[in-house]
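To start, the structure itself, in structure tokens.
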Protein chains: 2
Amino acid sequence: MSAPVYLKGDKAGLKQFLDKYDVFLFDCDGVLWSGDHLFPGSVPTLEMLRKKNKQVVFVTNNSTKSRGDYRKKLESMGIPATTEEVFGSSYSASIYISRILPQSHPQLKKKNKVFVVGEAGIETELDSEGIPHIGGTDPAYRRDVTPEDYKLLAAGDPSVLDPDVGVVLVGLDFHFNYLKMCYAYHYIKRGAIFLATNVDSTLPSAGALFPGAGSMSAPLIAMLGGQQPMAFGKPNQAMMDAIEGKFQFDRSRAVMIGDRANTDIKFGIEGKLGGTLAVLTGVTTKQEFLEGDTRPAYYVDELGDLLEGA
Amino acid sequence: MSAPVYLKGDKAGLKQFLDKYDVFLFDCDGVLWSGDHLFPGSVPTLEMLRKKNKQVVFVTNNSTKSRGDYRKKLESMGIPATTEEVFGSSYSASIYISRILPQSHPQLKKKNKVFVVGEAGIETELDSEGIPHIGGTDPAYRRDVTPEDYKLLAAGDPSVLDPDVGVVLVGLDFHFNYLKMCYAYHYIKRGAIFLATNVDSTLPSAGALFPGAGSMSAPLIAMLGGQQPMAFGKPNQAMMDAIEGKFQFDRSRAVMIGDRANTDIKFGIEGKLGGTLAVLTGVTTKQEFLEGDTRPAYYVDELGDLLEGA
């Protein structure tokens, strides 16, 4: 494994770096901002890249927001963006369900309703692909389990278990509860395909960690005796395939920029991109990037360091 | 591994079996009854054992019921029992927290409040041992998470995170939600000891499976990077130690009777009891008992088969 190249202050190296790529994939939290704090170099760097006619893509594992929601978030942070430039795990999952899954699972051509564990972002993306869904934000699932539920679920009664459900899609759900676990489990046991937007077990917020989408899959995995869901967030390559499908780019001319070795940098390396760039403004430390198992091709202290190469 | 001995119809063998033991530990569901259906041989068999002055103990992993609740359940099924004869995972955990944990963790002598994820049965058993607790059935935790929660939890604010909490105890919780996950995780990250009444991922009901206590631990284990709780249900030997502590019996003169190889029979074998007896009225099949990794010393078709040896 070769050592990551430190580009800060290396004007010629930075210029070469910028010339080498046409497509810049960005992780956001920890790269462009941290929590509510926008890094000062983020907006000028993005402007510089756009002036050079680079394709910019914002790649997020956040399943609770649709691409439109996420564009609004970017704009609220002061970063102009279009919905087309945003790639989220809910969108990636929706594309997979509508376009790819029916090829390998012909039964889904007739029975493609999705039982959603998650928030509105998933529903919006499923709607955008025309996929029918139940569960999700429906208040009917935000209640206690009853003895009647046990009986009807155990019997597979079609009044509670919709026979058209062919997929269970699990993302971050702030309204997760016992009843939703029961439904998701029984649909999967009756043959529905088990998918997860992403399996990050934690969600960083306010400088600490909270339950992530992986915490909603974990009980199901345990109940199913270890069966893992197919997942779409970084570093899963289903996401990279979806991004490539959309932008039709040459992977050797693309670079992934991120703050986490085991998600962002791994995503770029396994996707066989032309390069990976780490920033030191997020989760993974310099030492981990230099000595860990997953090393970026390049690193800088912060994103704004790229400006010197312009 | 020697082959399990089939006792049904073997009058001399059955008589020898009954003479060999003074203490009969019973799993209940699948042995004495199935769901709402009491097996016809259960009551006469228990009567026969009592007449012979055998000690009968009902051992259950069900954490939602206290011993008193469980005695009522036994009586509602037509089985006379005393509270003293019942051993549940919540009681076992409570004894451990009050009597054993403070020896190895002196900080608990001052800071022994328990944050409970679970139902009333856990609270009743903690009360019976005089252990202070929060969480559990308190309706204040049955609500959505708010942005304020994130800030206060991240800051470790004592107005939300009680500084006296030294233990997180996780059992089956029909009111499990995102907020409880947040609290349990933050208490453990701040040093609380992670315990589980039991880690059965599923709960049999109405002839199907539903989320068990292990489904409440699973998200926490994922968030904690794989850290496992200490657990008290069968086959965990903390439960056997507690039973022995109470009844002061000779393990070689005790037998465990159950329908599940990987919980009941394993519990008896690892507890070095004098014997184990499997019944074929529950989860594990005859073939699994005869050919599996965990084999009972004896087996009968159903509990009532023991009557022939009386």
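Glycine is no exception: its Cβ is also placed from the backbone N, Cα and C atoms.
Automatic, uncurated: that is what TrEMBL annotation is.
Binding of Mg(2+) is annotated in TrEMBL for B:Asp27, B:Asp29; the matching candidate from B:Asp250, B:Asp259, B:Asp293 at the same site is B:Asp259. Cβ neighbours of B:Asp259 (Mg(2+) binding site) (same chain, under 8 Å, six or more residues apart in sequence): B:Asp27, B:Asp29, B:Gly30, B:Val31, B:Ala278, B:Val279, B:Leu280, B:Thr281, B:Gly282, B:Val283, B:Thr284. The Mg(2+) site, placed at the center of the C-beta atoms of B:Asp27, B:Asp29, B:Asp259, has further neighbours from the same chain whose C-beta lies within 8 angstroms: B:Cys28, B:Gly30, B:Val31, B:Leu32, B:Gly258, B:Arg260, B:Asp264, B:Val279, B:Gly282, B:Val283. Less than 8 angstroms from the CB of B:Lys234 (substrate binding site) sit B:Asp27, B:Val59, B:Asn61, B:Asn198, B:Gly258, B:Thr263, B:Asp264, B:Lys266, B:Phe267, each of them six or more residues away in the same chain.
In three-state terms derived from DSSP, B:Asp29 (active site, proton donor) belongs to an extended strand segment. Neighbour counts of Cβ atoms within 10 Å were compared across the active-site residues B:Asp27, B:Asp29; the minimum falls on B:Asp29.
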